[in-house]
Amino acid sequence: MHPDPPTPYHTLPVSQVSIHTKTDIDDGLTPQEAVQRLGLYGFNELSGQGNVSVFAVLYRQIVNALTLVLVIAMIISFVFKDYVEGGVIALVAVTNTIIGFSQEYSAERTMESLRRMASPTTRVIRGDSLISVPTRDIVVGDIMVFEEGDVIGADGRLFEVFNLEVDEALLTGESLPVAKSVDVIQEHDKPLGDRINMIFSSTIVTKGRGKGIAVNTGMKTEIGKIAKTLASSSVVTRTPLQKKLEIFAYALFGLAIILAIIVFGVNKWKVNDEVAIYAISIGISVIPEGLVAVITLTMAFGVRQMAKNYAIVRKLNALEALGSVTNICSDKTGTLTQSKMIATDAWIPGDGSYRISGRNGFSPEGDIYRCGTSGASEIEVEDEKVTPDNMGYAFTRLVQASALCNMAVIKKGKGESNDEWHAIGDPTESALQVFAHKAGLPKPVLTAEPFKFELVQEYAFDTELKRMSVVCKEKSTDAYYVFLKGATESVLNQCTRIQLGENEANLDREKFEPELYSELEKLANKGMRVLSLAYRRVIKTDVEILKWTREKADADMIFLGLVGIYDPPRPESKAAIQKCFGAGIEVHMLTGDHPATAAAIAKEIGILPLLWSPELEHEGKFNSQLVMTAAQFDALSDEEVDKLRELPKVIARCSPDTKVKMIDALHRRNKYVAMTGDGVNDSPSLKKADVGIAMGLGGSDVAKQASDIVLSDDNFATIVNAISEGRRIFSNIQKFILHLLSGNAAEIITLIIGLSFIDQDGISINPMSPLQILFLNMVTSSPPAMGLGVERASKDIMKYPPRSKGELFSWEIIFDMIYYGIVLGGLSLVNFVIVIYAVGNGDLGQNCNSSPTGVCTPNNPTCNPAALEIACDQIYRARATTFATFTFILLIHAYNCRSLRDPIWTMKLYDNKILLWSVFGGLLTAIPTFYIPGLNSKVFKQLGIGYEWGLIIGAVIIFEIFVEVYKFFKRKYLKPLEILEGEGFKRQYSLNEYP
């Protein structure tokens with residue numbers, strides 16, 4: 001642990017804290033020093049934080065229907081002194097528990113590691129660059145940067161704050177947020193809640209922003225001292241699917257008991273070892289022993305695959321929900337677009353338009369030109385290059401507002417290997433800062449001589465108000481300036497005057513607004529995000545300024561002009577959206593941008609048709625209004641929204657409450673919604689959505705904690721890939737459930753009909769022994785089922801409509817299970833009958849369920865030991881034939897289950913290597929059970945076979961014929977699976993006229 005200073009950190013000035021922690025408050029630690037300190041002091045986490053509970057996982061493996069059946073079977077075997085069978089069942093129970101435990105524990109550890117990837121991150125300055133690191137990687141000396149919505153990653157000493165308020169209820173119980181300061185506090189024993197120059201791990205920033213030096217991490221934090229954490233002790237919860245299958249397993253357990261009672265009843269309640277063994281067999285046949293393990297592995301594999309594709313699953317429920325998603329509500333900036341903002345245009349009333357050259361990211365290389373016109377006829381003349389020497393008064397104020405009402409910083413990297421320009425801060429603000437650099441008046445110039453602007457007060461961007469403002473003091477004149485930027489509607493509402501050259505004029509909204517919105521539409525129609533800027537000069541004392549509310553600061557402003565910022569769409573967005581249309585998924589853009597900007601980008605990437613225009617929509621060319629503002633949508637009552645033929649595809653100027661209203665509207669239409677969000681105010685919509693998706697790069701920690709999935713690349717295409725993966729997982733679960741349960745159905749049919757084979761003592765002959773059934777369920781069936789669980793997605797997986805909730809056991813799947821079970825069970829019984837009655841003498845002997853030679857009972861004086869041995873021998877061979885028939889057909893049947901309707905010959909044999917090797921492995925492991933002495937007769941209750949292999953091969957061929965005939969009739973007479981390719985686009989827009 002890092003040594004403590006002589007006095008508490010809150011009593012030390014920032015310079016001493018910096019010296020003690022050996023850090024630089026401007027450049028932070030070097031990456032090498034951070035790595036060294038991490039190795040020296042350990043991770044920033046609490047002891048036992050988020051650990052997987054070993055005992056909880058073990059308990060779930062022991063207390064389940066499978067284990068109960070095996071334990072009961074083991075007890076019955078020991079009671080009737082069948083120690084070999086009882087011992088093997090005990091070994092199987094222990095082995096199955098160990099395997100299940102290791103699989104589930106591994107899956108939970110995987111989820112834990114992924115949760116850590118999606119856990120709160122902290123922005124720190126390292127090596128002069130602002131980066132995001134996992135909170136657990138913070139070390140003492142890191143310079144932490146935080147703003148509204150962030151969860152503080154470590155205890156720290158503040159050195160820069162702007163309107164910073166922090167919710168510390170977790171530590172102090174104080175319900176109100178605490179306003180923070182950087183001033184030294186003299187009292188050593190100051191209560192925690194009064195240490196206002198400190199921030200504490202796990203508390204939440206509710207307002208403003210700040211910077212601080214990390215002084216304590218891990219168990220040395222205040223939260224660590226009281227050993228309390230917000231993280232849950234168990235990382236993984238049972239998903240609805242897992243819970244349903246557990247209930248299903250217990251229902252099967254009840255069925256096993258009922259069937260066992262039937263066995264006892266048929267045998268007239270003569271409960272001897274023979275009858276008990278039969279009851280054990282039928283009980284074991286009911287339970288699909290490998291089902292829960294295969295599902296766990298399939299989901300764990302899916303989670304790992306999604307993590308590789310930049311979608312980090314925080315809750316397993318999301319895997320099941322993804323396949324049902326019918327609507328995606330996505331933000332625009334950074335998700336559908338590249339979030340590489342570039343200021344390209346500006347407009348000033350009475351001065352005209354400006355174009356800004358240079359589109360090399362954050363590089364300030366480029367020039368600004370005034371787009372010239374001459375005279376009343378507006379004859380075009382050559383553009384005039386703008387410099388600080390010829391810059392007009394209004395343009396100067398516009399640049400000042402862009403640079404000062406702005407918390408971003410652009411820097412050039414140090415050193416030969418890192419000499420590129422980079423930004424620290426919001427992408428939009430970074431674009432404005434680059435614009436100010438190109439104009440020659442960046443923030444470093446404005447805060448130095450001769451201007452010497454000093455930030456006095458900041459009112460952070462508010463998502464409801466859609467604006468931000470700052471109060472600056474120009475020390476050279478002692479004058480105060482308020483600079484304001486934000487959405488045009490919001491800024492204009494705060495203005496009473498406009499700047500015309502060097503003069504101010506009263507704002508005549510009737511005259512000015514048509515011109516303003518005409519220019520705004522021109523920029524917005526190019527797909528630009530348009531910001532309006534305003535300012536005013538005030539002469540007030542420091543004390544009065546500091547007491548101002550936002551409403552007072554933002555009042556009586558002077559309108560300056562517009563800046564157009566272009567954020568190009570991601571190249572993959574258009575293809576991803578088309579993929580959604582083909583999959584029957586509607587895409588909605590919910591953005592804070594101007595309607596024309598949002599519509600232009602939506603047209604470019606395909607959310608809106610290229611033919612869309614406000615004029616066409618007004619003329620009724622579309623069945624519904626596709627583009628709305630939040631004000632228009634929020635003004636509608638729920639009844640009015642429900643009457644809309646289609647919900648809007650684009651909602652501009654969107655607020656968090658509008659997102660919630662949109663989700664509610666979709667839910668009333670029985671839609672399944674995925675919603676993206678990044679801000680702290682998006683938490684309600686993320687929680688209300690069926691799948692909440694937070695942004696990993698630009699999202700707040702509160703949003704991440706409210707989400708089900710975190711995108712580590714903030715890319716819309718990743719959402720579509722995640723939906724595809726969710727569909728693949730669900731489809732694969734259906735495949736292996738069909739494979740496992742059709743085998744169980746066949747076993748039940750075989751054993752129920754087998755009750756009719758009565759030996760000389762009136763006891764039913766068992767067509768398969770308990771260990772044969774266990775072997776089939778666990779060794780033969782489970783590995784191919786796991787192979788089906790990792791099956792690749794069908795090429796048409798995103799051409800089918802979303803599945804409905806609870807579609808796991810569709811009628812088609814149920815009928816398939818029954819059909820395949822009847823055919824497999826029937827063929828196995830036919831082979832059993834052929835061996836005993838067609839080739840053998842039909843004698844079922846006495847006590848042949850447990851002995852290959854049989855046992856003559858005293859009450860049967862006519863019993864012939866030689867004849868009895870022949871009878872039992874043929875029963876053991878018939879049982880081996882039944883077992884082999886099951887084994888071969890189940891292994892081949894795994895390939896049938898790869899598609900519900902396609903013929904087996906249309907599938908590639910080698911493209912699923914896990915399935916291929918599990919089938920070969922199943923064949924190889926079954927062969928020794930027939931021919932190893934003792935293993936065959938005493939354990940599996942069977943003997944080696946010869947000519948019977950011909951019967952087995954014949955049964956496999958007949959089974960495949962039945963399967964292919966069945967699939968042929970399904971393809972011919974069942975409703976074809978709906979493929980949406982080519983139709984989704986038209987359906988998406990419901991055009992009345994579509995040339």
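Even glycines carry a Cβ here, placed using N, Cα and C.
Quick caveat, the model's predicted, so the values are computed rather than measured.
Taken verbatim from TrEMBL:
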DOMAIN    8-82  domain 'Cation-transporting P-type ATPase N-terminal'
TRANSMEM  62-80  transmembrane segment
TRANSMEM  247-269  transmembrane segment
TRANSMEM  275-301  transmembrane segment
TRANSMEM  736-758  transmembrane segment
TRANSMEM  770-790  transmembrane segment
TRANSMEM  811-839  transmembrane segment
TRANSMEM  875-894  transmembrane segment
TRANSMEM  914-933  transmembrane segment
TRANSMEM  945-966  transmembrane segment
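Taking H, G and I as helix, E and B as strand and the rest as coil, DSSP gives the domain 'Cation-transporting P-type ATPase N-terminal' (8-82) the counts 46 helix, 1 strand, 28 coil. Most Cβ pairs under 8 Å with the transmembrane segment (811-839) belong to 945-966, among the candidate stretches 770-790, 914-933, 945-966. Sequence-distant contacts of the transmembrane segment (736-758) (same chain, six or more residues past either end, CB-CB distance under 8 Å): 259, 262-263, 266, 278, 281-282, 285-288, 290-291, 294, 298, 764-768, 773, 776-777, 781-782, 784-786, 788-789, 808-809, 813, 816-818, 820-826, 828-829, 832, 844, 882, 886, 890, 893-894, 897, 900. Contacts between the transmembrane segment (945-966) and the transmembrane segment (875-894): present, as 3 or more C-beta pairs lie under 8 angstroms, all at sequence separation of six or more. Within its own chain, the transmembrane segment (770-790) has Cβ neighbours under 8 Å at 73, 77, 85, 88-89, 92, 96, 277, 280-281, 284-285, 287-291, 293-295, 297-298, 301, 732-733, 735-736, 739-740, 743-744, 747, 879, 883, 886-887, 890-891, 894, 897-898, 912, 914-919, 921-922, 925-926, 929, 939-942, counting only residues six or more beyond its boundaries. Confidence for the domain 'Cation-transporting P-type ATPase N-terminal' (8-82), expressed as mean pLDDT, is 81.
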